[in-house]
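Features as listed in Swiss-Prot:
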| type | residues | note |
| --- | --- | --- |
| BINDING | CYS455 | heme binding site |
| CARBOHYD | ASN364 | N-linked glycosylation site |
| CARBOHYD | ASN373 | N-linked glycosylation site |
| CARBOHYD | ASN383 | N-linked glycosylation site |
| SIGNAL | 1-23 | signal peptide |
Amino acid sequence: MSGYVLLTVQLAAVLLLVTLWRAFRPNTRSNRVVSYIINVGNTPKIHQKNKADFHPRTNVEISPLVVPNLFDRWLNAHSDLPLSISRWRGKYQVPGGGERLPILTGADEIKAVFKDSGNHRKASNLNGGWVMGDLVGDGVGLISEGHWKRVHAVVSPPFTQKPTTYVPFVQSRISRHFSELYPEDEGGRTLRIKPAEDLKLLPFWVISDLLYGNLSPEMTEELLQITDLRTDVFRYAFKGGLSLFSISKIFYPDIRNKLHVFHTRWANFNRKAYQCALNRDDASACAIVTLYRAVEQGQITPTELMHTLDEALFANIDVTIGSFSWIPQFLAEDAALQSKLRKEISHARSDTAPESWVKYIGSNSTLLASCINESARLKPVTNYTYAQSMPTDRDVGGYRIPRGTFMVVDTNALNIWDDAWGSDKTSYRPQRFLEESRASFRYRFWRFGFGPRQCIAQALADTILKVLVAYTVENYELKSTGKSAANEEDAHKQGEAWFKVAEQGIILEAL
């Protein structure tokens, strides 16, 4: 009899080990089961720990609504997420990195929570697991509180200049990119492109120009090879399950080896780029010089610099081109709007003063800026923001939220479904941003974040989009391939990216 018991125990142990091993693979039953256990097991501890802090009448509601695998849908930007979920009010929750997170859906809630966003704590590695932490865990976008303030003060200057500072080199790179992309185009040619694919590396090269200046062919090739390495290892981030725990890295020697190779080549590249920039006449214009000197002076660590550069060059570019991919679709479906925008651009060009065009691009009160904002409103790059917590207890939407409670923002509920956008809230109408003051939608329009802590590169990202849209509309007539930009079935994630992009092609007829 004891033999049968021993055999049963052995079989159970083998089954458990196999289940745990398969839990490291995304989109498997084992992964979902382990993620669920972690989620359910963590929730009571979190709320029990804060029980004494709860308001006696309006505690954070532990809603019975828990949407299975919603966190995975958020990360992968799946288009099958029911739109109705964004219309539900109240505090529903989403499994996120082992916790059930309250979701913010209204402008008043956003204002109450994000008024001190500079003091918020981001979720560890953005709930992306140990691979995410190994790549960018000490980057300026992932750290919090005093750590963030110290690093931000050092690395932000190159990315927080006036938009007008960026226009000349952004415009130069965009013209160069189109000429390299279509070298045979000599005018009068009709092009058919997929913006998310054909223009994917454009923001990458713009930021490269800002950081390193004009790279040699050898350095350019090395950077492209490093990009391939980085793309490969990033596939292992945001997999959920046991990958959320650092100890799980011992099961992945191949991934650790890939990360080691990437980090070595990435550090060597930046060291060489720094040395090359020092020998240039315009060395001070290359951001890598001031940033690398900050490391030499002990203001930031080498890891903090490498992770921040990784974040700027590899992560944010995906968001930028993901945002742009929808704009040509919307403009192609509205010939009258496109014509009006072209006239505005032509009028700005007619002023021959050197600073006139730069000021036009830098302005936020133009139809050009409104077209970009309206596209970002209807097509936020993520369904939910990264989790973060407040430093103090706070009344939010009728609930007493204890300090340290991680929350996310439902970007669709805020950008699209808020009644303040009017009866045409689901329609693409850029003029709405010209009819209201910026203050009126400060807390109901998510794009670069809220409060004191927002994306440090927003001025550069906005400049890239404005110059790119202006260049496209000024030189081409945009026409649709027949699929509507509102068709969610054509929204897919780009490769291993975590955001939605427009998959439709667009027709460009040279003017």
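Cβ coordinates are placed from backbone N, Cα and C, and glycine is handled just like the others.
The sparsest Cβ neighbourhood within 10 Å, among the listed glycosylation sites (ASN364, ASN373, ASN383), is found at ASN364.
Over all protein chains present, the Cβ of the residue listed as 'heme binding site' has 16 other Cβ atoms lying within 10 Å.
Separating the Cα atoms of ASN383 (N-linked glycosylation site) and ASN364 (N-linked glycosylation site) is a whole-number distance of 25 Å. In the three-state DSSP assignment, the secondary structure recorded for ASN373 (N-linked glycosylation site) is helix.
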